[in-house]
Amino acid sequence: MSGYVGILVSDPWLQNQFTQVELRSLKTHFMSMRRESGKLTVGDLASRMSRLKVVGENLSEQERADFIADLYPDLNDEVDFEFFLKVYLKLHAHASARTGSPAKNSSAFLKAATTTLLHTISESEKASYVAHINNYLAQDGFLNKYLPINPSSNDLFEIVKDGVLLCKLINVAVPGTIDERAINTKRVLNPWERNENHTLCLNSAKAIGCTVVNIGTQDFIEGRRHLVLGLISQIIKIQLLADLNLKKTPQLVELVDDSKDVEELMSLPPEKILLRWMNFQLRKSSYKKIVTNFSSDVKDAEAYAYLLNVLAPEHSNPSTLAVKDPLQRAKLVLEHADRMGCKRYLTAKDIVDGSPNLNLAFVAHIFQHRNGLSTQTKQISFLETLPDDAQVSREERVFRFWINSLGNSTYIDNVFEDLRNGWILLETLDKMSPGIVNWKVANKPPIKLPFKKVENCNQVVKIGKQLKFSLVNIAGNDIVQGNKKLILAYLWQLMRYNILQLLKNLRFHSHGKEITDVDILRWANTKVSNCGNQSRMDSFKDKSLSDGIFFLELLSAVQPRSVNWSLVTKGVTDEQKKMNGTYIISIARKLGCSIFLLPEDITEVNQKMILTLTASIMYWFLKQPVEEKPSATSDSENGSQLETISNSTIDDSASESSVE
């Protein structure tokens, strides 16, 4: 992998304009364009580039043609990949100038939501994140030889190159995400083992809600600082905001007046809840303004002074509000926080500079240390009247993280609220089946008129029917109204369609054969039995799967070195089953499977998640080059086996995937 970017692009300047993942994606677009007519000329670019974001959306075909003709008069010249990249960058800069958005060095068809740092880094943020890592990972047995990291050096970017630190940091943010038995922790790792750790890290980061659409394992190996810090920033933010929900902190119900408001509060993203909490506490003081962000609204440090006086009056200093200089006030605020024993990694300058990431982290630390909410509130009784459907909550989480992993234009915090205008669903459908959305009749956010949202959602339902989803009694208005059951039913079928299409495109594109659930079931059973194992999966709801042994044997069949059998339990007790489930998920992610299920989905045999797990393992295996496949079964044998299955008369009873 280390030479991959260089193989794609020999020009060093071009290598620096794109990440590894961006280059791969652009290469895919380029090859697709060239396949349409056997070659690609300068004159073809204006029409063929319509499918690229920014370039395609903000310039008409005629505008693209005129711009290209001015630069390259000979339209019959054949285009190679490097020439294509140069034209793309120039068109992108032209389109960005037209729309007033900042031109970026690298492609914006891949959303750069992974980082607010772009291609420069903030030394203050780096120092803050290093301090956080030093604090939370100080006792780690493997990392203690590298810690503490010097915040003024670039040691952080060297230490992350083996992947261990980032995996451990993910487990600090969301404990139990990665089974640490799956992390390669030898003192000296070979390139393969390092790559496995980075793959495990990226797939696990996606599974806790990070956006990593433009980061590849090569970026860690090369120590691309803005991408490394961008991911660390997201992981730390998830950790710091983990308690900002009613499940972890039921006292937050004090912020609202009735049960209707409680439901609204539950749908808010954690940073909005943090702002609401801050303003709730500030109303107890004489501070009259409303804080709407963690940047310009807190730069003068006044809001902080009032907030800390409300929460910890015993540590207040009268001169904090008396001083006129914001920097001096910020210093006094931080002294107040120190006297409270509150963790903080920002400086007074970071406050007055309005650093949004560091100010959000500061307020989150204050909330964690002393939230000032009552533990004896009558309003908590509201929570008892609200439905507590753990399964709905788990499925919502899976679909939310999956959609966010696709790199859509907007990050969603709640599928029941954020999909109601239909736009993100249309974007997702277009990714699953390019060209299927009629964008001419789609309404782009912000959408104020309700009927415009219904129009979008009607198209969502219409396309679902085109794709043969089971959509009995589902109308566009059900999505607009936030009908949880119907939205989950639609999203499950969309996710299932996606993985089946990936498999179809991988092996059967030339034959046009569809892959079914039964194909996946039989493939998995064949792989396991070919290795001499007795385990078998009768369906995706087979209760014997709860011990995890079948999936461990399947993973071992597709990659013999992946499972350390000395770490596997017998899967008899609930605890043993959960240990196996956690190990399975981490091994699959380490191989390269992008999966979003929890160990409970395996131990409870959630048939939908069992199907996605099996299909993801199958997709990973079939994607491997023939010479790299660890199995004795040849590629052609796999192909003929699946063709036989696909030609047979079967139904989809294995997963009961239709939802009515």
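Backbone N, Cα and C atoms are what each Cβ position is placed from, and that goes for glycine too.
Unlike curated records, TrEMBL annotations are generated automatically.
Here is what TrEMBL says about this protein:
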COMPBIAS  631-660  compositional bias 'Polar residues'
DOMAIN    123-240  domain 'Calponin-homology (CH)'
DOMAIN    268-371  domain 'Calponin-homology (CH)'
DOMAIN    393-499  domain 'Calponin-homology (CH)'
DOMAIN    514-622  domain 'Calponin-homology (CH)'
REGION    629-660  region 'Disordered'
Exercise for the section: Between the domain 'Calponin-homology (CH)' (268-371) and the stretches 123-240, 393-499, 514-622, work out which stretch tops the count of Cβ pairs under 8 Å. Expected result: 123-240
Fill in the blank from the handout: Model confidence over the domain 'Calponin-homology (CH)' (268-371), as mean pLDDT, sits at 93
Completion exercise
Taking DSSP helix as H, G and I and strand as E and B, the domain 'Calponin-homology (CH)' (268-371) has 67 helix, 0 strand, 37 coil
Practice task
Please list, for the domain 'Calponin-homology (CH)' (123-240), how many residues fall into helix, strand and coil according to DSSP.
Solution key: 76 helix, 0 strand, 42 coil
